[in-house]
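Pulled from TrEMBL, these are the features on record:
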type: TRANSMEM; residues: 42-60; note: transmembrane segment
type: DOMAIN; residues: 54-428; note: domain 'Cation/H+ exchanger transmembrane'
type: TRANSMEM; residues: 72-93; note: transmembrane segment
type: TRANSMEM; residues: 105-123; note: transmembrane segment
type: TRANSMEM; residues: 135-156; note: transmembrane segment
type: TRANSMEM; residues: 168-191; note: transmembrane segment
type: TRANSMEM; residues: 203-227; note: transmembrane segment
type: TRANSMEM; residues: 233-250; note: transmembrane segment
type: TRANSMEM; residues: 271-304; note: transmembrane segment
type: TRANSMEM; residues: 347-368; note: transmembrane segment
type: TRANSMEM; residues: 380-401; note: transmembrane segment
type: TRANSMEM; residues: 413-433; note: transmembrane segment
type: DOMAIN; residues: 488-621; note: domain 'Cation/H(+) antiporter central'
type: DOMAIN; residues: 632-794; note: domain 'Cation/H(+) antiporter C-terminal'
Amino acid sequence: MEADRIHQLQNKGLIDCYWNRVDNPGTIWNSENVLSHYLPNLVLQILLVVSATRLIFWILRPLHQPHFVAELLAGFVLNIYVPILNSTLLGIALPIKGLLAFESIAQLGIIYYVFVTGLEMNLETVSRAGKKASTIAIAGTLIPMILGFVIYVLVAKTFVKNGEFNTVSAYFLWSLTISMTSFPMVAHILSDLKILYTGLGRVALTAATINDFINWAMFIFLIPLIVNGIRGILSVISTIFFVLFCRCVLSPPLNKILIKKTNQNEWDLYQLSYVIIGVFTCATVTEFLGTHSVVGALVFGLILPRGKFAEMLIEQSEDIGSGYLAPLFFANIGVRTEVLPVLKGNFILVIFIMIVLISTKILSTIVATRFYGMPIRDSMALGMLMNTKGVLSLIILNIGWDRKVISKEAFTIMVFSIFFMTVIVAPIINAMYRPRVTYEQNKLRTIENLKSDSEIRIMACVHNARQANGMVNILEACNGVNVSHVRVFALQLVELKGRAAALLVAQLDQQQQKESHILDQSSETNNYSSNHITNVFEEYSSNNANTVVENLVAMSSYSTIHKDIYNLALEKQASLILLPFHKQSTVEGSLEITEAAVKDINRNLMQDVPCSVGIFVDRGHHASLFKIKMRITMIFIGGPDDREALAIAWRMSKHPWTRLTVVRIFLCGKAAEVNSSGYDEGQGLLAAILDSGKQKELDEGYLGSFRLKAVNNEDSITYAEREVYAGEDIPELLNELDRVGCDLYILGHGKGRTSLVLLNLLEWADCLELGVIGDMLASDSFGSNSSILVVQQYGFGGVEFNTNHSSHKAHSNNDDLESFSQ
């Protein structure tokens, strides 16, 4: 009779049978030989899942999808082969018999994954959250839960027979899953889209943190009751005592030991293994208490110290934990999902239910944000971000599957909804916030085109305290007595590496950025540097009544941090971005490379800029302008960059302690020959001459206005003209100017110039981001001791840099300007 029942269940697809040879007949180890079957299959399974996950992630990378989507999609792909495992090669790697070990190791992976999440979370954000973020988080939790009860009525009537899963526990578990928002997923999506530091990003991060905190609290309180009924009250009470024990008793001495060993650099892989043992010990305790193993892992992650220890631990262990073990859990969820059976019979209804599930968070967020007057576009974008699900929602569904609380149809519908909720967020947000489109309206926001009484917005980027001192010197020069207000955004650039980058960034909310302890998760050295940078800019602001300073921090990989600068400049509507040069002055007066990555950051930003850009070569003139007279020499050859540089120098000349000399260089004779290779064949030399003539007309108009309004009315401003006839005349003229002496050279980068002489000299330039003249002045062989500010004007295209000088070119977005290549 039992054999017949098993055969019937097997035919219905409800049970799978396999042979198990017992090699150890003892009462304790009564099982098959692990080394001959389970271990080889487990290695194949891990390689298969990880390979599929990474391939899918690589394919989806242009869509800015997180690893979560690729891991879940890999499970769906593998699920397609489950009915025919025994007739395919895939059955060798994923036999029914081997799925037991697969699921067991997957649980270890998710325990570590949740531990890292706890290690990266910052619960202080919850206590500091404002009313807006708190309202959005609470509304985004309660309203979807209420709607979830209604939606499950439809699911239960359609997919559940005989009322088997029509229970109170099923309703609560379903509704709890809908209310989830994954803070890690939101942080990674915002970081990938480079809108982490925008107003939308800060509100989304804070609201997601609060929502995630509420979700975990409900998980601890409700899951034991859902699974065990009234007996779960004891599990909840005992878990609360365990959390208090970890926080009040275990955390203080443990943190003291860990911080001491980290500061002394005494860690090795063997000692770090004790920390991992602590993770699984806490996980075992909460599993024994009747809550769930991931609760213990989360609590242990929350009580450990942040900063250098957390970064070191994640860096050492994330490859095996997040790279190989955690994907097994997501793949296991995908394998469990009954994709085809559920979609075949009720495709239209399933799609309708998924749309309703996706809409609940969006509608609740729109309702909450309307009280604060948030634009509808931002409300919808925030609702999409709050819809992002993560590991906790899948853990809840997994519990419902294991404990037979929900049906396989309800499980499949919810997993599919979670998948599509997360998939659609990044592309839609990216389409809604296209910075190039929104900034076209402000195309004339350059220094040259600003009105004299308009507020000037400058974003000063620094990597260390020394650069901050130099930037303040330039900013102070822009504060004349009779000029408009200056709003400075002091942006500290911090490099972060690895998986934790986005989450560590997300710990910085707007309030933290205004405080001096903006890098409290970093080392003491970084703390000192950050505090010093903040103090430098705050002191500058206090000494200038018409200046407002806002301290900001951008934490990202140096390969993509230019996108953060770009988006921040867009949001703040900056007219000028000041960037530090990648070389700094030594005691001997020469320039040496301090960090090569800074050069790449500058070049990446100059290729695609939202406003004008200035690169500051600092040679150490850090004395206050209120104590010395600054001598500025502006070199004008022609073109949009030179006009922007002249506009900046003109503004600086209004400072009472500044003397400005403008030297206009005329290209005559052979030096006046133009390059026509960048034009179409039908246009040729004539087009080059016409374009050069148009630029000369613009130059004459702006210079004429400057001479009329400034030179004739100010004793501190002088104007001179020089002529050059060949390439060798330019270095001689620069040497002549340098012998006169000045503290700061201001000049344009030179994009758009058509002179063959200048283009030929460009081949010999070492620092293409400084242009021809800037590279000469910055060269150690030139011997100058003056600082340099090289300006690139927005609205005439970015500069394209190639690895060799011969392929260096600058291109224009304006049809009237020329693209030149060398």
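Using N, Cα and C of the backbone, Cβ positions are placed for all residues, glycine too.
Curation does not apply to TrEMBL; its annotations are automatic.
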Name the range, of those listed as 42-60, 203-227, 233-250, 347-368, that has the largest tally of Cβ pairs under 8 Å with the transmembrane segment (105-123).
-> 203-227
Are there three or more C-beta pairs under 8 angstroms joining the transmembrane segment (135-156) and the transmembrane segment (203-227), sequence spacing 6 or more?
-> yes
Sort out for me which stretch, of 135-156, 271-304, 347-368, 413-433, has the most Cβ pairs below 8 angstroms to the transmembrane segment (168-191).
-> 135-156
Segment proximity, the transmembrane segment (233-250) to the transmembrane segment (271-304), 3 or more C-beta pairs under 8 Å = yes
Across the domain 'Cation/H(+) antiporter central' (488-621), average pLDDT on the 0 to 100 scale | 73
When you scan the chain for residues with a C-beta under 8 Å from the transmembrane segment (413-433), skipping those not six or more beyond its ends, what do you find?
-> 63-66, 68-69, 72-73, 76, 155, 159, 174, 177, 185, 189, 192-193, 195, 198, 200, 333-334, 337, 339, 342, 350, 353-354, 357-358, 361, 377, 380-381, 384-385, 387-390, 393-394, 397, 406
Could you name the stretch, out of 135-156, 233-250, 347-368, with the greatest number of CB pairs under 8 A to the transmembrane segment (380-401)?
-> 347-368
